[in-house]
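Chemist: TrEMBL lists B:83-109, B:129-152, B:159-176, B:182-202, B:222-242, B:262-279, B:286-305, B:317-339 with the feature transmembrane segment.
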Amino acid sequence: MTEPAFLVLTALVDEPRHGYGIAQEVERISGGRVQLKIGTLYGVLDRLTADAFVEPDREEVWQGRLRRYYRLTDEGARALEEEAVRLADNARRAVERLRLRQAEGLT
Amino acid sequence: MSVLEDSYRWVLRLLPAPYRAEREEEMVSAFLEGAQHGEAGLDDQRPRWMEIASVAALAVRLRVGGPGAPPRSFLWGEAVRRVALLGLVFWTMIGFLSAAQALIAYGILADALPDDVIMGIGYAGSPDRLRHVLADLVPLMWAGSLGALVLGRPRMAKAVAVAALVLPHMLVPPVFPGGWEIVARWACMVLPAAVTVPALVIGFHRDAPPPPLPRGQALRMVALPAVPGILLSLVVTALSSLSRADTVPVTLLVQASLWVDVPGLACVSLLIVTVWCLARRRTSGPTALAAAILTVPAVLSRAATLHPGAADSITETINLVGGLQIALLLAGGITLVALSTQALRTVVDGDLTGIRGQHG
């Protein structure tokens, strides 16, 4: 799973969001590091929809413009959890090894 | 409608019409909501280059579709991927031809040439010679790119292909003493190889990865063009020997040489592909489309070697054989376009039998 896909799924965990809402949330979650361009965002949404990880929730008209909301599916939540566990596991191993290196006075 | 919205909708025209019909309004909405946070008014802004690039990248992915894409997009995707594959196979053959020629010409493999024959550039051991030998060996990297692709490693294939394309020109930079005409001729000569790289880059993406072959099969795939490449180097060596022996008329040797140089081999290869496509009319749509695309750089590369109006017998021979090859390529190209059009019509009718399942 790519980082943008991971962040988009994470952005949809608490509530359905529309395109710009997802982009904003991804920027917030990543501490401003990832700023999804609209073309990239919709490319990611296409793939996640094709994998049945997200699905359209509802449509709203806001200030005369269409907002289509997307929500996380159960399958998407499972995939996100698996990926999060895998990444956390990798991060934990990296931290353990770094501590060991520090303990051995290699730094 | 603000100038910004108008500009963004214009950028979105890069996307296929059915996708635009589905997504345009929400994409415009998302884009404008982001833009409203800017300081300038909507009439004083233009979409940023990164924003345009992201739409262009999405458009390429949608138009050059993978197995899950709509039929037309999938057919174009397959065609682009076959441009890359056919290009890699061809340039692997040329890579082995070039490398074997270098080994013979510089006496690296064995002293294949008579003592009184001086071949190659620079004296033995000089940096100049090393540069030229490397420039002749680097095209072997095309084989590495092909190998990586058929082993299912497209990123490595792309990186190696870029290196195979660029490195020879970095090692031996082209010289343009004669102005724009020489530059144009050089560009036409480089075009057949240059086409392969963007086809590889845009054809194989996340939604259209190359199916990995088992190692043995992948090795055979690389050996397939390597064998004729090595055999052709022997033919070229034989032609050089005949030329030195002075027993065969020069014009006859020139005629033969024009069939084993890069544009000549491109012509022969494309004619073989055309015959193959005609024999498998029903399922050859993407390959025919790919070969039709490849015909354009092949024609240009041969045209770049012609000198219309020249009076000497050798140049006349070059023009005659080159003209014949261009005529053959154009005839083949028309046939391929007809086959491609037929395939595109079939796709519009929704019949993809024989095309689906051939991915890669």
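Just so it is clear, glycine is given a Cβ too, placed from its N, Cα and C backbone atoms.
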Chemist: Any chance you could find the range in B:83-109, B:182-202, B:222-242, B:317-339 with the most Cβ pairs under 8 Å to the transmembrane segment (B:286-305)?
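Modeler: Looking at each of B:83-109, B:182-202, B:222-242, B:317-339 in turn, the most contacts to the transmembrane segment (B:286-305) are made by B:317-339.
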Chemist: Tell me whether the transmembrane segment (B:129-152) sits in contact with the transmembrane segment (B:222-242), defined here as at least 3 Cβ pairs under 8 Å among residues 6 or more apart in sequence.
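Modeler: Answer yes: the transmembrane segment (B:129-152) meets the transmembrane segment (B:222-242) with 3 or more Cβ pairs below 8 Å.
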Chemist: If we skip the immediate neighbours and take only residues 6+ beyond the ends of the transmembrane segment (B:262-279), which ones have a Cβ under 8 Å from one of its Cβ atoms?
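Modeler: Answer is 86, 90, 93-94, 189, 192, 232, 287-288, 291, 294-295, 297-298, 301-302, 304-305, 321-322, 325, 328-329, 332, 335-336, 339.
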Chemist: Could you check if the transmembrane segment (B:83-109) is in contact with the transmembrane segment (B:317-339), meaning 3+ Cβ pairs under 8 Å among residue pairs at least 6 apart in sequence?
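Modeler: No, since the transmembrane segment (B:83-109) and the transmembrane segment (B:317-339) share fewer than 3 Cβ pairs closer than 8 Å, they do not count as touching.
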Chemist: For the transmembrane segment (B:182-202), could you work out the same-chain residues 6 or more beyond its ends whose Cβ comes under 8 Å from its Cβ atoms?
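Modeler: For the transmembrane segment (B:182-202), the sequence-distant neighbours (Cβ-Cβ under 8 Å, at least 6 residues beyond its ends) are 60, 64, 80-81, 83-84, 87-88, 90-91, 145, 149, 154, 157-158, 161-162, 164-165, 169, 174, 176, 262-263, 266, 293-294, 297-298, 300-301, 303-305.
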